[in-house]
Amino acid sequence: MALYAFLLLALPIVNCQVSPADNYVLGVDSTTCPELEGFPQYFDSVNLACTKCSGNNTEQQTSSNGLTCECQSGFKYTKNFGGNQVSCQKCLSPTDQVSEDGWECKECADGSNGVTCRCDADRTITAERELNGLWAATANKDLCVLCEGNTVPNNKGDRCIRCTNDLKLGNTVCCANDAQTGGYCFPSTVTLLPETSVLFELPKISGTDNPLSLYFQTHARAAYAMCETATYKNATACQVVANLCTLTLYNERQGRICSYIRQNTLGVPYQLLYFSDDADDVINSNDIPDSYTLTPPKIIPFQAMVHSLDGTFLRKVPLTDGLLQLCDTTETIANAAYFFGTYYSYSCNIKALGLWDTVKHPLEFYDIYLEYADQGQDRLYKTPLQMLDLRDTGDREINTGDMADWRITRRMFLVDNQMSVPIVQGTDPAASEGQVATYVRYAQDITLHVELQEDTKDGKIKVPYFTIKYAEISRSEAETGATVQISFSTTYTMSWSSFRRDFQIAVGTLGTLATLYAGYRTWVWSKRAGRPSIDFPSIINFVFYMAASLSNVFFVVTFGIAFYWFIFFKRQDVVYLVHPEGTAVKEWLGLLGAAFTLRALSLIHMIVMQCSADIFLIDWERPRGVSRAQDGKKSTEVPVSIWRTYFVANEWNEIQAMRKISPNLQIFAVTFFLVVVGFENTTTKDPDGGVEKDSGTYKAEQSFIYRYALAVMVYIVMAVVQWIFFTFIYERFVEDKVQQFVDLCSMSNISVFVMANSHFGYYIHGRSVHGKADTNIREMAEMMKREEEDLCGKRGLVPDTEEQTFMMSLPKRLRVKYEQVYLPAALENAGAVSRMEQGKSGSRLAGSAKEKSIEAYNMINKFLCSFIDHSLRDVDYVVKDKTLLESVMDTEFFDAADKGIFYKDNGHSFDQVLFYGHEISLILFDTLLFCIVDLIGQNYLLDGIVVFLITSLVGMIRDTAGRKNLARKTLVDERFLI
């Protein structure tokens with residue numbers, strides 16, 4: 001007892017000393033244990049190590065799974081407890097074979113070969129023992145036994161089985177005088193299909209190296225005979241025949257199973273696989289009476305009849321829960337494919353090797369039906385399949401062309417991972433059993449097509465159909481870790497004939513009106529430019545005016561259509577409208593592209609016209625006294641300061657590229673509402689128009705047409721809001737830079753004379769009511785106070801009026817006189833600059849040009865002052881109001897050939913030579929640019945960034961070109977324009 005207690009105390013003490021090496025083992029593969037010193041090794045699963053067998057490699061070997069030792073051929077067991085607890089003994093006679101259990105040596109039966117002990121005689125099996133365990137012949141010897149009755153040897157050759165396991169064909173004598181195929185005996189009266197390699201081939205989707213299929217060789221001829229022979233008419237066999245044809249992807253080459261099916265249009269396989277009517281007649285029929293709605297949402301009730309490979313009917317099941325989708329996803333997302341009106345598209349990449357998993361991807365066949373109600377009865381409508389890989393007798397893929405040429409079918413499969421098991425040539429078919437398929441074919445892309453009945457208002461549809469595209473991948477590729485892409489989608493369409501008719505009428509009618517308007521604007525321009533005849537500049541301007549007009553028309557049409565599709569698709573209950581597809585979208589996209597291109601051309605034209613306008617700053621200031629020389633003999637006038645002119649020129653330069661609204665605020669507001677608030681979530685191709693989407697539900701692909709409609713709406717609304725704010729609040733209560741410029745001109749005693757065209761322009765009357773502006777601060781304050789207290793005259797051109805801005809229709813003589821004075825100075829300046837750039841005597845030439853420029857400035861200033869003061873006898877003008885018709889049509893009907901006309905305006909007509917006066921055109925350009933970028937990138941944030949960059953660039957170009965034109969035309973040194 002004391003010893004026992006001691007052991008109890010001592011053992012834990014010993015066991016607690018754990019070596020660190022006990023915590024790990026070497027990583028050894030169970031199938032790669034090598035021989036060691038002539039002894040085979042097996043994998044010891046307890047110690048996770050390779051262990052030597054008890055005998056050398058002459059008598060023992062490693063088992064096929066590598067987990068034990070076993071006797072070599074010709075050796076019997078004397079002990080076998082697994083692992084290396086095995087002992088073997090060699091058979092005494094060299095001709096002896098080891099028994100089936102491995103424990104005894106035996107002689108082969110008389111009449112058998114001495115290698116495999118298999119009996120060579122026909123219909124005989126090799127019997128080793130009787131049912132009671134005794135040897136069938138003498139001790140330790142096999143016996144050849146003849147199969148009697150309707151039995152034949154099984155594939156292993158050790159048992160007699162009935163000739164036909166499933167069907168009774170009568171009292172035949174086991175194919176003695178009959179044909180046998182697929183395990184069945186057929187009398188000579190039954191015509192079997194020719195036993196050709198074409199019949200047993202499994203056509204590859206790509207390539208011509210079609211492998212022979214073991215399953216086809218075993219079952220094709222027998223199943224066809226059992227199905228088509230009038231004596232049998234076996235329904236299960238007909239299902240097998242239909243499956244085999246489906247597995248060839250309906251290949252109709254002569255000699256294939258499908259070619260025989262198509263020869264008998266009354267046969268069961270034909271009825272299972274094909275439609276008797278043409279494809280367009282089936283698909284375009286109005287046989288479905290059900291109406292589909294978006295509110296409440298309705299699921300398209302497809303049902304699938306599922307059959308196994310051997311023709312057994314398995315179940316009837318709805319297509320929901322991802323039945324036809326190989327991608328792993330949630331049931332909610334998978335079921336969205338069948339919610340009516342939802343454009344579904346889901347794709348994924350999966351491991352190719354997983355397609356060989358016959359448990360996850362069993363080879364099953366699906367016949368799809370559409371469930372509907374007719375006169376109170378539930379019915380099932382056969383759903384056609386468009387197999388893109390179907391090839392006719394001429395090896396043409398006829399289902400990729402026009403619908404009239406299609407051959408629609410009814411049965412499909414998802415994954416074929418069994419049929420490409422090869423036939424081992426020259427051996428028994430049993431030798432191929434247990435092998436895996438050399439390649440797998442799978443449904444790579446499945447698309448459900450749903451089309452509304454023509455002119456339907458109650459949600460009725462034509463017969464829907466599926467388009468299926470298969471692909472294949474080899475086992476060797478899959479074992480390298482390759483992945484395959486799978487996709488499933490649902491599309492909707494309708495007849496677009498009425499839409500295209502209305503679309504063409506709208507574009508044609510409005511386009512004609514736009515062309516006429518462009519012609520009218522060209523006539524107005526030619527009249528203002530003094531070009532009564534049609535010449536090249538008139539044609540060029542007509543092209544640009546037409547670009548602007550057509551751009552407006554195309555914008556209105558594209559937005560109107562997109563807005564209609566967007567709003568009415570989202571708000572409909574009973575379906576009558578779906579997302580546009582096909583030619584309708586291509587025409588719409590073409591019109592949108594044309595609208596943007598023409599708008600860009602119009603913008604270029606506007607910038608060129610504004611940056612080529614003639615501008616002159618009239619200085620009304622007069623010299624104040626004279627200055628005398630020190631000797632008292634010579635006197636000169638006190639010069640007028642030029643700084644007021646420079647100041648006004650700088651202010652004009654600053655407002656040239658100024659916008660009515662803030663472009664930066666516009667872009668920020670638009671992207672904020674579209675992205676941050678989430679308006680873009682409403683542009684999905686589904687009936688859900690909500691801003692917030694549940695993360696667990698399927699989110700359909702966004703429509704670029706809906707995105708266009710939404711972007712234009714938000715952009716225009718934000719622009720209108722900005723315009724209202726700046727017009728009625730900011731400019732009224734904060735600052736109005738355009739009006740401030742007019743006030744600045746009055747305080748500076750400077751008038752602005754702008755000739756946008758040769759005989760038309762704008763005038764800002766800035767003559768000071770005080771007669772001077774070049775004074776000190778005290779006197780300036782006093783002048784402003786007198787004006788505030790109404791102690792002086794009014795600022796208007798006409799005495800006792802306030803009108804300071806006018807549109808001018810100028811006589812030809814004024815333009816001629818202006819060019820006589822201005823052009824020589826301009827040309828001299830240009831020549832001097834050119835020569836200076838070439839390095840030729842720059843100082844003297846530049847000085848001469850500057851003198852001529854100063855002289856021209858003084859002459860033009862004096863001339864225009866005289867013109868405004870009515871001091872020129874042959875060049876004069878009158879001031880009047882435009883008629884209502886002239887104002888509406890933006891033209892002048894009165895001839896100003898002899899006497900100019902100053903038309904009173906709204907106070908800022910001169911902004912037509914500024915960006916400020918063309919805000920609508922600029923907004924349209926920004927909007928179209930935003931949408932074109934979105935069409936490419938489908939990202940509103942990116943759109944905003946690109947629009948910001950390009951509008952900034954356009955403003956920079958306008959500012960730079962306008963500054964150069966201002967310096968050139970006003971004869972102000974550009975270095976003073978900052």
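Each Cβ is built from the backbone N, Cα and C atoms, and glycine gets one as well.
Where the annotation comes from TrEMBL, it is an automatic prediction and has not been curated.
Features of the protein shown, as given by TrEMBL:
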| type | residues | note |
| --- | --- | --- |
| SIGNAL | 1-16 | signal peptide |
| TRANSMEM | 503-521 | transmembrane segment |
| TRANSMEM | 542-568 | transmembrane segment |
| TRANSMEM | 588-608 | transmembrane segment |
| TRANSMEM | 665-684 | transmembrane segment |
| TRANSMEM | 704-730 | transmembrane segment |
| TRANSMEM | 913-936 | transmembrane segment |
| TRANSMEM | 942-961 | transmembrane segment |
Task: Leading contact stretch, 503-521, 542-568, 704-730 vs the transmembrane segment (913-936) - CB distance under 8 Å - done: 704-730
- [ ] Give residue numbers and ranges for long-range contacts of the transmembrane segment (588-608): same chain, 6 or more residues beyond its ends, CB-CB under 8 A.
- [x] 503, 507, 541, 544-545, 547-548, 550-551, 554-555, 557-558, 561-562, 580, 705, 708, 918, 921-922, 924-925, 928-929, 931-932, 935, 954, 957-958, 961
TODO: Output the single range from 503-521, 665-684, 704-730, 942-961 maximising the number of Cβ pairs under 8 Å to the transmembrane segment (542-568).
DONE: 503-521
Task: Annotated stretches the transmembrane segment (942-961) and the transmembrane segment (665-684) touching (3 or more Cβ pairs under 8 Å) - done: yes
Open item on the list: What residues elsewhere in the chain lie close to the transmembrane segment (503-521), defined as a C-beta under 8 angstroms and at least 6 residues from its ends?
Closed with: 542, 545-546, 548-550, 552-554, 556-557, 560-561, 584, 587-588, 591, 889
